[in-house]
Amino acid sequence: MEIPCSEDCQRDDKKNGVFVSRIVENEDKFTITKQETLTLSAMAILSLMAALDGTSISVALPIMSHELGGTAIEAFWTGTSFTLCSAVFQPVFSSLSDLFGRKPLVLITIAWFTIGAIVAGVANDFTHMLIGRSLQGIGGGGIITLTAILIADIVPLNERPKYFGMLSAIWSLGTVVGPVIGGCFAEKVTWRWIFYINFPFIGIGAILLAFSGGSLSTKGAFTVQVRKIDFIGIALFIPSSAAFLVPLTWGGVLYAWDSWHTLAPLIIGSVGICVFAIYEWRIARLPMIPPAVFQNRTALISFGGYAVVGLLVWCCLYFLPLYYEAVKEFTPIKSGIALFPETFTVAPSGVIIGFIISRTGRYYWAVCIGWCLSSIGMGLLCLLDTDTRAITWIFLNIVPGIGIGMVLPSVALAVQASAATEVLAIAVATSTSFRGFGQSIGVAIGGVIFQNRMKSNLLQYPALQALADQYSGDAASAVEIIRGMDDNHVKGDLKQAYADSLRMVWAFCCGISGLMFFVSLFTKSYSLNRGVVTRVFPEKENVDEEGETTS
């Protein structure tokens, strides 16, 4: 029996000759099997590992750079290569998992991540470090997107909010705790443990997957499936996305925005993405990213929301520690601990909202309230100043944490509830990829705002005018300068310039959150009364050489 749902969700996958999409009736009797529990537990552990690894290296870069004799550019790429590769490869893994099954792709992503961790852990120069981090990013991106897809495969839509709430909590916890763990390893043991610590996670995840059985594997002729791969689409998407994101991450940091180093790849990447979109829309027989994914207003707005969430989280992760270290003179470890007000509000609020949505069957309210609180919370961060007391900045950080925690699971549900059945997996992957894109550009956009304001603020102080270009261009190095200065009015002025400059970053985050609140009002509230999408290989059907299904 098919369950009535939105018109967009009633279409079956007619083009896929190996799978049959079937809506399975879902009442209040949904129970998760032991094998499914093992599968989701394994993916949760691996997702926590990927989130930790993506952020733990940031505070260790100065020590790593000194030990490996790296340049500023190499250190920069070590920190960003993971995020870039993760964002770019997520839609690719989703597309391939539709053809070859989830479990084989999960194992492949684990292998990529493991190889990358080994290469980075034993690296004696930045060349091997960059190779290892890139491989980890590819594997980590696959783990993140396949985890979300597996939840969509296993759990019916009206039960999914609680699972995505827990997934959001895991991602948030790993993202914020990562810098603390990285700082502890770098200062107390060795930075190589940042990579070695991944192996227990990998081992536990692999063992759980081994006991989960082979139910995730997909039957079908391998040669038929290979011919369905959108090779041209993949060849266009990966280099174009990379060329577009790379200059956004180094613009205003390594090179000026009007430099050819920034403009050339940005233009090439933009043109490449346009060519990719035209090819997928008009030419591709089985596109990697079907245009149907974007032919829905709710999905489009939700994709944008995912990007903004990534931007907000990464701005907080980068610029809040800058405030704590420069203005409050905290150590890297203490600065990481100071981020806990976000951690212990984002994670619990995501779980709570997920359970409430599952109980009520409505998510629209959570999207709107979440964006409203995010905007208010980011605005409250504008109150952070040189004389802000600890109790004050702790409470100021709680509101944006709650807002972001509400947005994460509710936006995920908006994407899935509005997606057609046959594009559900790629819609999930596209949303996580947009979050990766937001993470990639968040620091870049915030950095440009901070740099411009920092320079103008420093020029207001006569004693700092000569150093305005130096301090505004390398904010991290200026932190060490502040720590070495005597307590005098010059040091106070420099701290004030930092606080005033960061205030503009929070104002930008407040504005873009407010914009998302406004546009989210125009999304539709789809019913969550849908069952799981079961992909089966019919015993009485055969697959011909062209990939068509015959009885």
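From the backbone N, Cα and C atoms, a Cβ is placed for every residue, glycine too.
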Matching range for TrEMBL feature annotation, transmembrane segment, among 135-157, 457-479: 135-157
For the transmembrane segment (504-523), sequence-distant contacts whose Cβ falls under 8 Å of one of its Cβ atoms, 6 or more beyond its ends: 297-298, 301-302, 304-305, 308, 311-312, 315, 319, 364, 367-368, 371-372, 374-376, 378-379, 381-382, 384, 403, 414, 445-446, 449-450, 453
Among the ranges 40-63, 163-186, 231-255, 363-384, the one whose Cβ pairs under 8 Å to the transmembrane segment (105-123) are most numerous: 40-63
Considering the transmembrane segment (163-186), which listed stretch of 75-93, 231-255, 336-357, 363-384 counts the most C-beta pairs under 8 Å: 336-357
Cβ pairs under 8 Å between the transmembrane segment (40-63) and the transmembrane segment (193-211), at least three: yes
Across the domain 'Major facilitator superfamily (MFS) profile' (39-528), average pLDDT on the 0 to 100 scale: 85
